[in-house]
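Peer 1: According to TrEMBL:
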type	residues	note
TRANSMEM	90-113	transmembrane segment
DOMAIN	93-572	domain 'Major facilitator superfamily (MFS) profile'
TRANSMEM	125-145	transmembrane segment
TRANSMEM	157-176	transmembrane segment
TRANSMEM	188-207	transmembrane segment
TRANSMEM	219-239	transmembrane segment
TRANSMEM	269-290	transmembrane segment
TRANSMEM	302-321	transmembrane segment
TRANSMEM	342-365	transmembrane segment
TRANSMEM	377-395	transmembrane segment
TRANSMEM	436-457	transmembrane segment
TRANSMEM	464-493	transmembrane segment
TRANSMEM	546-566	transmembrane segment
């Protein structure tokens, strides 16, 4: 070291690159020293700051020398509040993070509203299932890996890379000349969107204090809720207007455009685990979407895909347990030992299933059965998304009052169960007002636990595991819809095709696929009145079948909340 005062040297360093692993380690240190007074803490840290940093670098390879710049004037590591941004600059930074969350919400409902339009445009009925599953598949397979990438590399630039990937996906989707290109674009958007979601929480953990963190962590949820509300209107307007559905993806470009050895950092990223998880979900989604329409369910191709999915999942489980060929597994096994983590994970998955299945099938019902325009179909989504947004905000406030959390979640899961049971019985002649009431129940029920499990992680795990726990919740948000929507669309398309085919003349077999692909209005005019009513009734009945998944998610949510209540009661009994 030079003769220059180490404190002055550290002050001269500007905009240090901070590793999340270093922050997690210091968070854990402070977590253990929670009861030590601030004066004692400063004396302890100021005396041994540089010495402990040198020891840490010898122990942990991914702690870089420039991380020493994360100390303040007392050489105290800035855990929870290492920001120099204040005033307008800090407001701009928070607004930028909120805009990313807004983009994710906007993308959700834009796709839900315009899916019937681009399916008709490309004349590919399989696109209904793949377009929704591709986004969530790309997001689910990379959510946990993004956490490791954020731990290994500079947070800011990793977030920028995820935004670029998301925007590239939006460009591909908007300019897609065929259905395969659209599916590819949606997969890219899913990968980038997953990185953005993890990055938003990473940046907030990095730049906020423990006291202000609860406030700032609610802002992404608020922005996401606004995005899903506006997306239903914007998507419908573009699909119906001269701009076409493609601008539903182009518009996101206007919103989002904004040192250890590389080998050592890559060693902490579980590439093998990521590959096995990707192959597992990919084979499963392909098997479900191909089955029935492209290949028969008992065909060799579908059977092989299911067998491969099972083998890859088994290999993934063994690899995660043994830690084979990785220093850090992509699945944070340590936090799964927490008693409340599994119920929270299930609640997050159930809320995502209930919301996204309803969100994707309500517009289809009004476009296919009620013959509504895309814009009107988007308006019909508001009774779902507005109560979801309102209930989420209320539950976030109740999170501060620990005793009210579980009862609120129990009421929400019961509302999901009630609303989905009613939607399962909807037919072609159900009044629109009734459907509004049913979707309000689902939205008001899913809202309380659509992001509460994610925010509740900080009360369940220690600070060192907080980002990994939140990444698990992000993974649940994406993997549940990826599987649920694949199953839902497979059930709808297979059942609808077989039932409609039996009602059509033998010389027009191709019309069944066209009708469930959004072209019903062009073919129904040439049929007699009785056949038309039968076909519309069949389409309505098959569109109601996916709500069986929402019913199942409601039941599972009730079980998960009951476990949380039981854990609370047993904890009180022990005390």
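Placed from the backbone N, Cα and C atoms, the Cβ positions cover glycine too.
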Peer 1: Pop the mean pLDDT for the domain 'Major facilitator superfamily (MFS) profile' (93-572) in here, whole number is fine.
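Peer 2: It averages 83.
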Peer 1: Can you work out whether the transmembrane segment (269-290) touches the transmembrane segment (302-321), with the criterion being 3+ CB pairs under 8 Å where the paired residues are 6 or more apart along the chain?
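Peer 2: Yes; at least 3 Cβ pairs under 8 Å.
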Peer 1: Considering pairs 6 or more residues apart, do the transmembrane segment (188-207) and the transmembrane segment (125-145) have at least three CB pairs under 8 Å?
Peer 2: yes
Peer 1: What else in the chain is close to the transmembrane segment (302-321), if you only count residues 6 or more beyond its ends and a Cβ gap under 8 Å?
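Peer 2: For the transmembrane segment (302-321), the list is 272-273, 276-277, 279-281, 283-284, 286-287, 290-291, 295-296, 329-331, 333.
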